[in-house]
C-alpha cells in the first residue's frame, strides 16, 4: 500500500419479564484478549486504537456536483492570506474523515469518549492483583497522565504553525516528521492492525454478549428449541454494524458516538456500583500474587502494566477527529479539540478509576482473570443481582460495541475509498461506498470465525502498537517542534519517548514468552 503524506492548507499560520429467578447465566466469552492483555495474568497485549492513512492527493478539482461541501482556508503568508483563498485538497474533500469540516468541541468529546472507554477497562482490577493497592494506583495514575500528555502533543501537532499544513491522519504526521519509508515501517502495520483488530474484537464481544442477553431474557433456557449458535450471533451483530456503517463520514456519526459514550459510561457505572453494593467477598485478600520464579514474576508484572496501559485507547483517532473541524487564523482547530478532549478524559477518569478501585476492593485476588469485572458480577452475584440489571448491562455492552465499530472502522473506510478516488479522480458513488463497508465488516466477521486463536497472538502483535500512544508523539514533537536542547520539553519528550520504546520491547518479549510458555491452540473455524 503506497501512502504518501497528504498535507492540507489551513487558516492557522501561527496555531435489558423478569419473573422468577432464572438459573445463573454464565459470563460471556468476552475474548477481550483481542484488545487487552491476557486475562490469565499472562501478557497478551493489544492496543485498541486505530487509524489508517490516506493516499496521496490528486491534483484534480472535484466536480461541482460533488456531494462534498467546499471549504476554504487562507494561505500562510500574511500578504497572500489577505488577498487569496485556497480550497482544501480535492481528494480529501471526497473522503469520509475529511469531507465534512463542521465538527466542534461537542463532537470531539463524543468521539473521544466513544473511542476512549471500552471492555478492556473492565480488567483493570486484574492488574491490581499483581501490583497491589499502592503500585496499582500509582501505575494507573502515571499511565493516565502520560497518555493525556501525548494526546495533547498530537492535538498541537495537527496544525503546523510553520507550514500552515494540517495532518489529518496519524501516518501523515509521522511520515511528515520521519519520511514515508519510516512511516510505513513503524506505523502502517500497527495502525491498520489496530483498526481491523479492534473491529474483529468488537464482533466477538458484541456477538457473545448478544447471546448472553438472549439467555437472560429467555430465563437461561432459550426462547426457541433451536437457539442461534455463537457464529450466528456474530453474524447478527455484524449485520447491525453494517447498517450503521452506511453513515457517510466521521461527522455524521457524532450522534452514534454519543450513544456509544453514554452506554459505556452506563455499564461501567453499573458494574462498579453493583460490586460496591453487594460488598466484599468472604476471604478476600489484597496481597499481591507472587509467581514461583523470577522470570514468571517479571512477566506477570509486565502483564499488569500492559493491562493498565491498554485501558487507554483512541490516540490514533485523535488527528482524524480533529480533522473534522474547521480551522481559521482566529479559531484554530486545536482549541475546540482540546476542550472536547479535556471533558472526555475527565469522564473517562471518573469511569476507570472507580472500576479499578471498587472492583479490586470487592473481589481482591478472586477477580476472574478471564472477563474481569463483568465475569465477576455474573460469577459471584448472578443469583442475587436483579436480572433486569444484568440484562441492561449486557444491552449497554452490545450497543457500545456496535457504535464503537463505526469510529474504529472509519479509518479503514477512508483508506479503501482513497484508493478509488486516486485512480478515478472523483468521489466514490454511494453504491461503491456501501460495498466497501460491507466487504470490510464481513471480512472482520470472517476473521473472527476463521481465526479464533488470534487472541493468543495478541501480546506478540499488539505490543508493537504501544509506541503509537506512548512514544511516537514525543519523538514527533522533538522532530517537528525542535525544542531547545536540554530544555524541559527536550528532556521530557526524550524521556517519555525512550521509556515508551523500552516498554514496547519488553511487552513484545513478554508476548513471545507467553506463546512459547503456554503455546497456541490452533483451531480454524471453531470459535468458543
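The backbone N, Cα and C atoms fix where each Cβ goes, glycine too.
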TrEMBL annotation (transmembrane segment) - matching range among 164-184, 185-205: 185-205
For the transmembrane segment (430-451), sequence-distant contacts whose Cβ falls under 8 Å of one of its Cβ atoms, 6 or more beyond its ends: 196, 199-200, 203-204, 207, 231, 234-235, 238, 241-242, 245-246, 248, 405, 409, 412-413, 416-417, 420, 524-525, 527
Stretch in 256-275, 295-312, 388-409 most in contact with the transmembrane segment (490-516), if contact is a CB pair under 8 A: 295-312
Highest-contact recorded stretch vs the transmembrane segment (185-205), from 105-127, 133-155, 256-275, 343-363, 388-409, CB pairs under 8 Å: 388-409
The transmembrane segment (133-155) vs the transmembrane segment (343-363): 3 or more CB pairs under 8 Å: yes
Considering the transmembrane segment (295-312), which listed stretch of 105-127, 225-244, 256-275, 343-363, 388-409 counts the most C-beta pairs under 8 Å: 105-127
